[in-house]
Each structure stands twice: as structure tokens, then as C-alpha cells.
Amino acid sequence: MAKTHFQGNETATSGELPQVGDNLAEFNLVNTELGEVSSKDFQGRKLVLNIFPSVDTGVCATSVRKFNEAAASLENTTVLCISKDLPFALGRFCSAEGIENVTPVSAFRSTFGEDNGIVLEGSPLKGLLARSVIVVDENGKVAYTQLVDEISTEPDYDAALAALN
């Protein structure tokens, strides 16, 4: 189990993030129209997986906004914003904020969190996804990972985006 912190208190995750060079585990998530989104849908494209507990928190919302801004200039890259929020909440947030360059998807009925070792095991956020980023190359290999040390802080956007090159 990996360790992260929530408001200064250590909490464990359900496992470890995949290692750089590993194949990303196949996944199925749910988009804002309740349609299935599969890792197979992105074959041949680079992926940035912006993973967070809930879009209804300030830091999570900020991460979606910042990756949305960055995604506008990325080539052959899809940015997935992933939480266990219901698809309706993700859609409402993105509509209200004018978010159009990222793909919001929900892991609410998926093993995505377990498969990537990022389900929070403790803290008041138990069961939600830990704030993390996974960058995947066009061949499905993990190029970068970050488990953010303090859930209430933002990920390292620059490092994640640099891993695309």
C-alpha cells in the first residue's frame, strides 16, 4: 500500500500506482451521457489521467480547469478527468465551467481505482480515489505517475505534461 495524506493525516491507498514502463491496466469508465468508455477507445493516443476524489472540492475543480486549459494545445492526447462522482455531477460541473478540452469520466461502477492502487483506505474520504496523475504513451505504456502527497494540494502539472514528450 502506498501512503498519502489528507489534511496532514497519513492515509493508505489500496495498492501502488503502476510503474513507469508497465502497460496500463485496461479500464471501463462511464461518461457524462452514461456511456461506457474503455481504454481500447484510446489506442494509439497518449493519455493523461487526472484522478481526484470529487469535482465538488476546490482543488479537484482547479485540476480539471488547469488540465482543460493545457489540453487545448496537446496533439494526439486525451485528458481523462476521473473520479467516483456520478456522471451527472461531472457533466454539470463541466457545463457550468465551459470545460470542453478534457473528457470527464466516472469510476463509480468500475474497478479502475483498485486496479491502479489508488482507492483511499482511510480518512473521511475512504472509498474515493486518491489525487494522482498517470501519463500513458501511445503504446499503452505508463510514462509518468504521481500520487500527490497531500490530497488537498494540486498535482505537478508541469511534470505530467513534460512526460508527454
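From the backbone N, Cα and C atoms, a Cβ is placed for every residue, glycine too.
What Swiss-Prot says about this protein:
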- Cys60: active site, cysteine sulfenic acid (-SOH) intermediate (ACT_SITE)
- Cys60-Cys94: disulfide bond (DISULFID)
- 18-165: domain 'Thioredoxin' (DOMAIN)
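The CA atom of Cys60 (active site, cysteine sulfenic acid (-SOH) intermediate) is located 12 Å away from the CA atom of Cys94 (disulfide bond). Of all the recorded positions listed (Cys60, Cys94), Cys60 sits in the most crowded Cβ setting, with the most other Cβ atoms within 10 Å. Mean model confidence for the domain 'Thioredoxin' (18-165) is a pLDDT of 97.
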